[in-house]
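The structure appears right after this line, and notes come after that.
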Amino acid sequence: MAPSLEEPTQVDLDAPLKEKPSLVAPEPEHCPGPESQQAGTAESCTGCPNQKICASAPKGPDPDIPLITSRLSSVRHKILVLSGKGGVGKSTFSTMLAHAFSSNPSHTVGLMDTDICGPSIPKMMGVENETIHVTAAGWEPVWVSDNLGVMSVQFMLPGRDDAVIWRGAKKNGLIKRFLKDVCWGEMDVLVVDTPPGTSDEHLSVNALLKEAGVDGAVVVSTPQEVALLDVRKELDFCKKAGIRVLGIVENMSGFVCPGCRHESKIFRASTGGARRLAEEMGIRFLGAVPLDPRIGMACDYGESFLEAYPESPACVAIQEVVRAVGEELGLERGEVFGE
Amino acid sequence: MPHENIKHIVLVLSGKGGVGKSSITTQLALSLSLRGHTIGVLDIDLTGPSIPRFFGIEEAKVRQAPGGWIPVSVHDEQVLSPLPLPLSSQKPAGEAKNEEQRIGALSCMSLGFILANRNDAVIWRGPKKTAMVKQFLTDVLWPPLDYLLIDTPPGTSDEHISLLENLHLQTSSPSAPRNQLAGAVVVTTPQAISISDVKKELNFCKKTGIRVLGVVENMAGFVCPNCKECTNVFSKGGGEVMAREFEVPFLGSVPIDPQFVELVEEGTRPVYPEGTIIAGKDVGGEVGVEDEKRKEGLLVDKYRSCSLWPLFDGIVGGLDEDIRSRDV
């Protein structure tokens, strides 16, 4: 069979995410999605053994969305941390953001990890060995400090090295339970960390949170074109999905040698880096954070880099970025750190 | 069944993103090609394909032929002229590498070659990704290959499941060459954060019955171009400890080399300051090429000037021997 070179079909971004009906055969390639509005009636459904099942499944918006919306109605600001590329520091930046906002004692901050195959938030927060408490009201997040709660799939795994070998549909189900069953309570900021790419997790988070209202997304990048290539795709995703981009952060930009104070560009911005990209796309450039080996170390030990090295250039840069994010959220300048 | 003309398939895996899977795949491919093997590279990272960028063939488009797609050629089988000698000729001439070199052909396949616009997001759910991976595995008309390297996205999800389902199916057919699915090279960086994700990937290999050929620790140390001081930007040694814990071979630590990044990003032949020592070898000194000519030549030719090449040459030498010893 000769393969087709046709334009890949785009999925329906607004498709409600209901429980999918139980199928008798695997979903075919051009399946509109058993949960979608066109399920069973689309052109590509002709001849599919699941057609009848899909067609008779209840249509309309997901009945769980109002539940999620009411659950999250007490959360003032919701921020997504995105990047098309892996390993650019999404999780690191998410933890920094959470730590920074929670440094104001009058704030309550939540951090949700939606990376199911490679969750790193619990380790970075130093709560790796915790498990979830289930109360009558729902799942209780793990509290790192008095005003900082964390939720991750890692807390539900029996062994911390176990691989989570799940297909997309199963991951979506878990993300939904996270949003529906975790009682975040009264919260000022909820930071949602995402896995790399533009696939199931991102579509679910977007579809489920649309009603509840997301303030916007912070996009993280590194300076090289190899990373920017993927970040452009992520920005395109945000545009198509109607997610407001709060701004771009450039991570790992420049490295100061501890021996001779010479600054080298480990990851060279041959195409102008994230700053140029931000200009091109008309998006706010939130700032550049230099590479500091101590950031990685602080993450490995689950400590807050911001508290440990408040004087370092990287810390100052991060605080500036957090202030900028605060501004975009409409917080007062002094409100972010409680100064 | 297609793919009977591929001798060995090697996967490049990592649970973590951005640790250098594509960069390691690229260098393994170049080094194997420099040893005279015919190589194919298949990129199944659908939402973030980087292989076209690494090989400098972003503009290329895939061609269609009766029966399938024709992969994009990076270079053909040919003989490379000896590396230029240093202009100042301080180094003794006639070192082992300074002779004509026969290289094998190298071709690539990636979703990046099919997309109309490189900035467009590929927003696909699982079933569509599964179908695409399957198509990549069955419908690409590879020439006869010694090695097919498969670069994967991070994680252990749809792409990985369908990749292994299809590969197990294909390689277990009686017409497939013996030991065709040779195993996986697992890439990590030294930090504990990365290691904890990569451990999941090793468990994934165990569960799915893939032999781990070895662990490569990437981004271990950075040599300051100013003072030649080596800093462990992302700490060091984590990969080796993990390999020992899981009883899999440790293939080596790869330092960060900004010159390699420059080679990929701008196509400039690497040059190192006098006295740079990497992996116990002096790689410093000027190469006998004037500045304006540094961009000329094939990627694989320029890669020979990179400090990482001897390291990777050693790694692929070991891999090649190991894989071939299991053929019989």
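All positions are counted from 1 along the displayed chain.
Here the Cβ of each residue, glycine as well, is placed from N, Cα and C on the backbone.
Feature annotations, reproduced from TrEMBL:
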REGION    A:1-45  region 'Disordered'
COMPBIAS  A:15-32  compositional bias 'Basic and acidic residues'
BINDING   A:Cys31, A:Cys45, A:Cys48, A:Cys54  [4Fe-4S] cluster 1 binding site
COMPBIAS  A:35-45  compositional bias 'Polar residues'
BINDING   A:Gly84, A:Lys85, A:Gly86, A:Gly87, A:Val88, A:Gly89, A:Lys90, A:Ser91  ATP binding site
BINDING   A:Cys257, A:Cys260  [4Fe-4S] cluster 2 binding site
A:Cys257 ([4Fe-4S] cluster 2 binding site): secondary structure state under DSSP, collapsed to three categories: coil
Extra residues within 8 Å (Cβ to Cβ centroid of A:Cys31, A:Cys45, A:Cys48, A:Cys54), [4Fe-4S] cluster 1: A:Glu27, A:Pro28, A:Pro32, A:Pro34, A:Ala39, A:Gly40, A:Ala42, A:Ser44, A:Asn50, A:Gln51
Among A:Cys54, A:Lys85, A:Lys90 (the binding-site residues), residues with Cβ under 8 Å to chain B, listed in sequence order: A:Lys85
A:Cys45 ([4Fe-4S] cluster 1 binding site): secondary structure state under DSSP, collapsed to three categories: helix
Other CB atoms within 10 A, centred on A:Lys85 (ATP binding site): 27
Of the binding-site residues listed as A:Gly84, A:Lys85, A:Ser91, A:Cys257, A:Cys260, the one whose CA lies nearest the CA of A:Cys54 ([4Fe-4S] cluster 1 binding site): A:Gly84
Cβ neighbour count (within 10 Å, all chains shown) around A:Lys90 (ATP binding site): 29
Under 8 Å by Cβ from A:Cys48 ([4Fe-4S] cluster 1 binding site), same chain, sequence gap 6 or more: A:Ala25, A:Pro28, A:Cys31, A:Cys54
Close in space, distant in sequence - A:Gly89 (ATP binding site), Cβ under 8 Å, 6 or more apart: A:Val220, A:Thr222, A:Asn251, A:Met252, A:Val289
Close binding-site residues near A:Gly84 (ATP binding site), where close means Cα within 10 Å, chosen from A:Cys45, A:Cys257, A:Cys260: none
Using Cα positions only, nearest of the binding-site residues to A:Lys85 (ATP binding site) (A:Cys45, A:Cys257, A:Cys260): A:Cys257
Between A:Cys257 ([4Fe-4S] cluster 2 binding site) and A:Gly86 (ATP binding site): CA-CA distance (Å): 25
All-chain count of other Cβ atoms within 10 Å of A:Ser91 (ATP binding site): 27
